Ligand code: ADP
Ligand code: ZN
Ligand code: ZN
């Protein structure tokens, strides 16, 4: 484990007698000073064990002191207990974390908690084990301490002890250990807590499907189980058969099935076929040639339609980087996407792939993280926190689906965006950053030459893949006007056209996706006859419906500025009194499907059914094997499903997206709908997309139908400029929360007033919006209020630096009120 170049801070030795550390204890963010025992050598970045209050906790060595500050009494300074983990972070790594903390206005410790794997700081133990592949030739040549350690380890049944134990047993153990390590006779490693136990889970096995006097329902369940191969996890059967555990127990008592505990394996390895680079299409080759030309830091927006072969470009861009013995970070937005993608990377690069995401177990995460610290060239694939992988010598950073909101962390702090951090990392490593997407976000696109009147201001190269591989056409998009359905007395959530298509799906042995866009708990009201939706007169976002049991009047409220108005009795445009209250999810769609199309085999794919580890892969495989006709899901369905047999895509209500109370609603809808459409027609047949809406004439719906990207982006950019939104203004959202509603409101008001006065006295440009109650006012007994700050950027991406007065805001927060700062927020609800 070695890093070729150490940063200046890592060169410092521990001649100094005191070390300042960051202690991993929630709520403590300042540095604490400890004495360095004479037999310990410590370097900045080392993970230490230190006494803290009554406990021993993890800490990170930050810097050394030759003398104590006068206010600290020497006698009260405690000693570092041990080095839990020697970690040679790559050069500049700490500066990166400090930059994140400064930009997002959080503590360094909060950033460290995101960056390091869980358990590393907490209660981890350094252990020493005998290297059994090497036999000591000349024990007598070793020092006494080394011999002592060796003897102890040889006695231990596992040939392994904690370092703390060895130090207590052997004098000058540190010297001995160094000697043994130099000769490669022992190695030291870190053991995290939480020893892993095999996971047991209830399984169901079919034993006798033909028992007498079974009800129809019971027979159905047994038939389903038989179709699934006679064995299923109980929870899967309950879900698939919509049944209860009581029913299963009854079936077990009749001897039809057995219920038993079985180990569930944690590994998700799939056999990988080695794979060769494809011959590139002329478009791909052109793009790749331009990427190869980049040497130093440069940012590239790779704008390729769905199925245009972006992934193949990434793979071939990575090959020469690895050949140069450099490493690569590839970020993907969500784990639902990674099985297929990581398989493709694995088959190309084999064991140089490291997959890192939060769905790994703590142990897996820790083991993978340790691999980062080795100097082997590697490709890290992971979700947003993988941008903090402490690998050295990075030659390329890639963000796939760069527009995806999954790259932003909203809770807990730091509320970082992986794209922003990726930019800093690429700058630090002086290597290219590739942002790939079929639907780039406005922030990125606005910095490319096509969006800039003065190309000299464009900071991002723009590369385009305008066609699908094999010249497959994009699927045609049909719009269904749901207002006409109502007029013709069709009250179902499925239009007549969609019903027809669903009927023929099974007959023609085809498969389809039904997509129910939904975001959070956003609820809005739309006129069922004309599609009218109330908007805030100040903020151009839709108003949100508030169901308040104690007030007789229903209020529509703006979540940016707190403007409110009563819900009108009749539509102000067409005078109809029929309103539709949006906000229902996949559950309801499943129920309707079961009623209208009982013969259709349906898989539900949303955050509820994919929560379990490996569930994404399992459901996708089931669907890919043709075990269902239809997959029903939320946004998640848009992510990277690449199934050639998908023919039909139905979008149930595009309006749920259009009317989220967010200034990015149009952009999000556009992106989501195009991503959804991109799932169809990936095989031989072109496929078809059916889009139901109450607002067929809406510019976004129109642009989507015609696949009109550029004109949409230009129009959107213009609107952002007029309304002072990003990328022209920067937003900072303050979330103020607490258990006492009055207190939260009062604090929010005080902070807003303070900020008003602050920008006024300094003559700063900008606006303070709110305070306004959050959309979901109360979460986990806490009340949330928001204050939104808009401050201008001088040039694209360059914040005009009026400093955000974090301390002034914090001073206005009483003890039991929490203030959270979200810089560049994506969720404003
Ligand atoms: P994107 O990432 O842009 O959606 P992919 O890289 O997934 O596109 O490519 C879509 C499909 O086309 C995949 O099945 C991929 O294997 C295939 N493909 C990509 N590039 C080529 C190529 N040059 N020749 C043949 N097939 C290709
Ligand atoms: Zn109306
Ligand atoms: Zn408003």
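Note: Cβ is positioned from N, Cα and C throughout, glycine not excepted.
Proximity of residue 571 (Zn(2+) 1 binding site) to non-local residues of its own chain (separation of 6 or more, Cβ distance below 8 Å) is seen for 527, 529, 530, 532, 577, 579, given in sequence order. In the three-state DSSP classification, residue 571 (Zn(2+) 1 binding site) falls within coil. The Zn(2+) 1 binding site annotation in TrEMBL covers 527, 530, 571, 574.
Cβ neighbours within 10 Å of residue 536 (Zn(2+) 2 binding site), excluding its own Cβ and spanning all shown chains: 21. Reduced to three states, the DSSP call for residue 536 (Zn(2+) 2 binding site) is coil. Annotated Zn(2+) 2 binding site per TrEMBL: 536, 539, 558, 561, in sequence order.
As annotated by TrEMBL, domain 'Helicase ATP-binding' applies to 291-458.
What TrEMBL records for 566-725 is domain 'Helicase C-terminal'.
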Roughly how many Å lie between the Cα atoms of residue 561 (Zn(2+) 2 binding site) and residue 574 (Zn(2+) 1 binding site), rounded to a whole value? 28
Mind running the binding-site residues 527, 530, 536, 558, 561, 574 against ligand 3 and keeping the ones whose CB falls under 6 Å of it? 536, 558, 561
Those binding-site residues in 530, 536, 571, 574 whose CB falls under 6 A of ligand 2, listed in sequence order: 530, 571, 574
Rounded to a whole angstrom, what is the C-alpha distance between residue 574 (Zn(2+) 1 binding site) and residue 536 (Zn(2+) 2 binding site)? 19
Other residues near the Zn(2+) 1 site, CB within 8 A of the CB centroid of 527, 530, 571, 574? 528, 529, 531, 532, 572, 573, 575, 576
Which is it, of 530, 558: the one of these binding-site residues whose Cβ has the most other Cβ atoms within 10 Å? 558
So, three-state DSSP: helix, strand or coil for residue 527 (Zn(2+) 1 binding site)? strand
